[in-house]
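Have a look at the structure below, then the notes.
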Amino acid sequence: MSVADSALNRQTPMDAGCVQSNDGGEGRRQDDFRSMNNGLRREISGGASSVSDDHPIWETARPSQAYGDEPCATVSEVTLRFSPQSTLTAGHLTGEEHKHDTDGAVATKSGEPVAITAAELGDEKQERRATFASVTTAATMRRSSMADDANNVDANEDYAEEGHALPREEQALNALVHEFREAAGYDAAYEEKETRLTYETVLRPDGSSQQVLVGATFDPGPLRVTVCQVIKVTTRKLLRGMALAGIFILYVIAMGFACDSTVVGLTFDIVSRAVMVLTVYLFLLHLTDGCNLPKIISRLKTSWWLVVTPLTLSIMVSVAYHAHWDRRSLRCVFWLFLVCSLIWPYAHFYTAAKSLGVRNKWGYAVKAGTACAAGIVALGVLGHFVRSTVKATTTDADKTRRALIFVLAMLPIISLISKLARSMKEGPPTLNGYLAILIKMVLVIYPRLLQAEMVRLSAKIFYSVLISLLDLLSDIFLPYWILLFIAARRFLRDRRRKATRPSSNDSKTIAAVEKMRKITSLSSRKDHDTARHENASMTSSRILRAGLSYIAEEPIVSHPPTNLQSALASLDVSPRYLRALSEQIRVWAFLEVTVLLFSNLVVLISNQIWGSDSSHVSFLQGTQGPESVYLTLRPICCSSLHVLFVVLIRWNNLPMVRAEYESSVVWCRCLMCLWTGLCCISTWYMLFAIYTMRAMGEEKWGDAGPAELCPGFSFVIETWQENR
């Protein structure tokens, strides 16, 4: 039981007198008083987020009363007013130890009393003082949701219970964590192990000492335990990838049968275009609402026009192509569909920003919409480019060279989109990292199709090893590229500050004091907005930005951070940034495993259906034989994942394992990969068909073109080029 609960449940002699009274009115007053006590207890545990001098909080409580005083006072006659000297805000544990004077007055540790109003009790109008100060500190500490943080609750509570205020670095970090978890809606993980801040005492030029933050440390635990956890997580990831690859294979086979059918005709193209639009919209819904089905249904009811408009235009393109409309009308409909597809993500994120509690709606819509629109552009442009150059790759060496050029050319673009997604400070923090899934799917699919088309097993192994090493090294060094960017930014900021800072020590002191005064006044300001409980993260963000502006003037770390946790301690990165980074690395690894399984298994299964050698023996040799691509390439990919996860956990404390046990996030990741994969297959089906058939037999399908494989597909751009 907390200090607040024990203080509220303590029965005074006046309680006994009230209980023994037979008067019905007194009994009702006693019941009212108990209900108010319960309300006060709930208010203490989850009520107002701040207590300040400018906006005092009035509560009801019972003063101490000698035994036998009659009658019992009503609750409305007794009030308390708290005006603590230190500001108490959500995430800022700055309470002081309280003690009671011998005369019953409440005093702080510094000796300054807490003002408590007098009460008139009955006809005697006796003034009594209530010893209630200990409840104030305990209530404030329990109100802060950062006290429930599994990563730093022990250190923070122990430090606060001793009567000391937390350092400003920890206060700002707690505000960051509070905002991150409040936006996520649950205790989302942003680190794998508990991180502790380390300080050292430095001497100032005036002879005084100061505690300076020098970094952060964490205990990664035994290596054997980490390896076992990583193996378990990667095994689950492999099973999920196999399930997703199976769904993709079934969809490709179904489209193959529909493409061969002379009856389906126009229906095939309409269905594929409808699937393309609907899967993109489902992907956008998961980016804003996760796997919350009621929210998704509610958004569908209010924003149905966002999917009806592009769906109608997409179907009109198919109808115009197969109905042989004139060239001008077809081009008008097609370009209208392209423009609508690019505006679509921006409109979706802007309409969703209000329900998500986003302050800067345009900023959020522009960043998130740009990341998704880049994937849509890459899907269309690269699909046309690949179809036009499909006959240029003949030898295994040529295919390997083309795949490497494609990967190296796309990496800078994907890096910029990923950096844009990580730097977002609003929106769902556990979902922002998935904004680049669509463009990453485009990057992963084409090289793997080239690999599946290779004839020699040695060429396939060489390419897989090369790509795995490239992905492994880029992901391992990604945190250090981030730290290098932080160091460069800090260097430029220090040079600019030295050039503009006055030389007088008095002016520096005055500026620092003025900054701290602004932070204190801002953090103690009570928000009277009626919607503050719905958008509480906005208040936390304002307090945090003020704190960061002060810290920017007075550096809190004496040297650049050496890992991501030190960067988090120095507030160069946020929990949102770390979580988005870990999500991007995990989804990248998941896409690599899924596409690797899909690209090789689809060739084996298609060979059983349409190939010349459709015996079960050839299928078993392809999956279980000594020259099996499936058994050879899968260990290469999985071993690189094991090394990557272990390194990121033990070197940078990223939540690579801990976040995998958040079921809603895992389901959401799988569903978003499913929708983007189906969208790519619907858009690039001719590409899948060509490379799959050529992998089955070069001599039979080597000269086959897109129109020969599927005459029902609408080749709009190719038709324009032929008629030019």
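Every residue number used here counts from 1 along the chain in the order it is shown.
Keep in mind that glycine also has a Cβ here, set from the backbone N, Cα and C atoms.
Now, the feature entries from TrEMBL:
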{"type": "REGION", "residues": "1-56", "note": "region 'Disordered'"}
{"type": "COMPBIAS", "residues": "25-44", "note": "compositional bias 'Basic and acidic residues'"}
{"type": "TRANSMEM", "residues": "238-258", "note": "transmembrane segment"}
{"type": "TRANSMEM", "residues": "270-291", "note": "transmembrane segment"}
{"type": "TRANSMEM", "residues": "303-321", "note": "transmembrane segment"}
{"type": "TRANSMEM", "residues": "333-352", "note": "transmembrane segment"}
{"type": "TRANSMEM", "residues": "364-383", "note": "transmembrane segment"}
{"type": "TRANSMEM", "residues": "403-421", "note": "transmembrane segment"}
{"type": "TRANSMEM", "residues": "433-449", "note": "transmembrane segment"}
{"type": "TRANSMEM", "residues": "461-488", "note": "transmembrane segment"}
{"type": "TRANSMEM", "residues": "587-609", "note": "transmembrane segment"}
{"type": "TRANSMEM", "residues": "629-649", "note": "transmembrane segment"}
{"type": "TRANSMEM", "residues": "670-691", "note": "transmembrane segment"}
Should the transmembrane segment (403-421) and the transmembrane segment (333-352) be scored as in contact, given a threshold of at least 3 Cβ pairs under 8 Å and pairs 6 or more apart?
no
Contact call for the transmembrane segment (364-383) and the transmembrane segment (303-321): at least 3 Cβ pairs under 8 Å, seq gap 6+:
no
Who are the long-range neighbours of the transmembrane segment (670-691) in its own chain, taking Cβ under 8 Å and residues 6 or more past its ends?
240, 244, 247-248, 251-252, 255-256, 259, 272-273, 275-276, 279-280, 282-283, 286-287, 291, 375, 379-380, 383, 386-387, 390, 434, 437-438, 441-442, 445-446, 449-450, 452-453, 587, 590-591, 594, 598, 602, 701, 704-706, 709-710, 713
Run the contact check on the transmembrane segment (270-291) against the transmembrane segment (629-649): 3 or more C-beta pairs under 8 Å, excluding pairs closer than 6 in sequence.
no
Positions whose Cβ lies under 8 angstroms from the transmembrane segment (433-449), at least six residues beyond its ends:
280, 283, 286-287, 368, 371-372, 374-376, 378-379, 382, 386, 403-404, 406-407, 410-411, 413-414, 417-418, 420-422, 424, 463, 467, 579-584, 587-588, 591-592, 595-596, 598-599, 668-669, 672-673, 676-677, 679-680, 684, 687-688, 691
